[in-house]
Amino acid sequence: MTAQPQTLKIRRPDDWHIHLRDDEMLSTVLPYTSEVFARAIVMPNLAQPITTVASAIAYRERILAAVPVGHKFTPLMTCYLTNSLDVKELTTGFEQGVFTAAKLYPANATTNSTHGVSDIPAIYPLFEQMQKIGMPLLIHGEVTDAAVDIFDREARFIDQILEPIRQKFPELKIVFEHITTKDAADYVLAGNRFLGATVTPQHLMFNRNHMLVGGIRPHLFCLPILKRSTHQQALRAAVASGSDRFFLGTDSAPHAKHRKESSCGCAGVFNAPAALPAYASVFEELNALQHLEAFCALNGPRFYGLPVNDDVVELVRTPFLQPEEIPLGNESVIPFLAGQTLNWSVKR
């Protein structure tokens with residue numbers, strides 16, 4: 001029997017999908033990311049979305065001002081695509097190194113997406129320019145048709161929207177974000193080097209039964225919503241396969257406790273404090289620790305055409321207890337796996 005490893009050294013990881021919010025929430029949650037991750041793709045869906053170069057620069061400065069002393073962290077900014085976005089603004093931002101990618105939210109698909117795109121073919125000229133300049137398109141892959149069941153919206157998106165985009169723009173780099181279904185995992189595996197996907201810790205660790213059986217657990221509620229076990233197992237098999245098309249994207253999305261624990265709670269899981277230990281635990285369960293570094297630190301940079309990080313982080317087999325809550329002014333934020341113990345800790 002092979003002895004269990006007691007330490008894991010991997011190149012410093014990056015988070016290819018995160019919500020850092022703004023103001024007090026930003027300063028509260030950012031250190032949990034900047035302590036462990038070297039870079040993060042920052043989502044642009046603030047209450048006033050990031051749609052201009054100037055607003056992206058200003059937001060980046062607010063993020064950098066909140067990075068604790070001693071942390072080395074680079075926020076990678078994204079442009080929020082809208083029906084009326086000027087292609088010149090998009091191009092200028094990318095060529096100046098302000099925008100790393102552009103984000104497509106179908107209108108009303110998730111938190112702060114009311115400004116999103118209601119007619120996707122109408123913004124095909126943006127996609128054409130992005131393909132030309134090599135700018136990645138990040139997609140929240142769900143249809144928003146009220147007639148489509150919430151558990152079917154990702155699978156329907158593949159056929160109705162994603163496949164037509166890929167057919168028309170075959171060399172457009174696309175990240176199918178936070179995938180949740182076997183349909184999506186199979187689609188990415190069958191794709192090519194222009195298609196990648198991020199996978200969150202909660203979608204690898206849990207399915208909809210964990211959220212709904214024995215009482216509703218609002219801190220597992222996110223969008224796309226957790227699916228049935230067969231989809232969870234397909235995601236686990238995909239990351240365990242070692243395919244370089246899958247990479248780390250936490251979709252960490254904090255909300256104040258009262259906004260989650262209410263009669264109409266917000267979608268989002270604040271998983272940044274436990275992200276790397278959670279991924280390590282999953283890969284160990286899958287006997288796939290040999291693929292952990294690539295998933296966390298190599299596949300994403302390769303897809304984006306960025307260098308891998310030079311420094312390393314060390315995970316140690318020491319129990320890691322998640323706090324029950326994290327102070328946020330006079331309120332609090334409930335972290336993913338609150339009050340639970342993980343087998344791995346990041347060595348400080």
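Residue 1 is the first one shown; counting continues down the chain.
Backbone N, Cα and C atoms are what each Cβ position is placed from, and that goes for glycine too.
The Zn(2+) 1 binding site feature in Swiss-Prot is assigned to HIS17, HIS19, LYS103, ASP251. Cβ neighbours within 10 Å of LYS103 (Zn(2+) 1 binding site), excluding its own Cβ and spanning all shown chains: 26.
What Swiss-Prot records for HIS19, LEU20, ARG21, ASN45, HIS140, LEU223, HIS255, ALA267 is substrate binding site.
What Swiss-Prot lists as Zn(2+) 2 binding site is LYS103, HIS140, HIS178, and the listing cites sequence analysis.
In this structure, LYS103 (Zn(2+) 1 binding site) is part of a beta strand by DSSP. Sequence annotations record features per position, and here Swiss-Prot assigns N6-carboxylysine to LYS103 based on sequence analysis.
Neighbour density for ASP251 (Zn(2+) 1 binding site): within 10 A of its CB lie 26 other CB atoms from the protein chains shown. Among the features that Swiss-Prot reports, active site is placed at ASP251, with the record citing sequence analysis.
It is 10 Å from the Cα atom of ASP251 (Zn(2+) 1 binding site) to that of LEU20 (substrate binding site). Rounded to a whole number, the distance between the Cα atoms of LYS103 (Zn(2+) 1 binding site) and HIS255 (substrate binding site) is 21 Å. DSSP assigns HIS178 (Zn(2+) 2 binding site) to coil, not to a helix or a strand.
Listed binding-site residues near ASN45 (substrate binding site): HIS19, LYS103 (candidates HIS17, HIS19, LYS103, HIS178; Cα-Cα distance within 10 Å).
Here is what falls inside 10 Å of the CA of LYS103 (Zn(2+) 1 binding site) among the binding-site residues LEU20, ARG21, HIS140, HIS178, LEU223, ALA267: HIS140. Report note: the Zn(2+) 1 site is defined by HIS17, HIS19, LYS103, ASP251, and the residues of the same chain whose CB lies within 8 Å of the CB centroid of those residues, excluding them, are ILE18, ILE41, VAL42, MET43, ASN45, LEU138, GLU177, HIS178, GLY249, ALA253.
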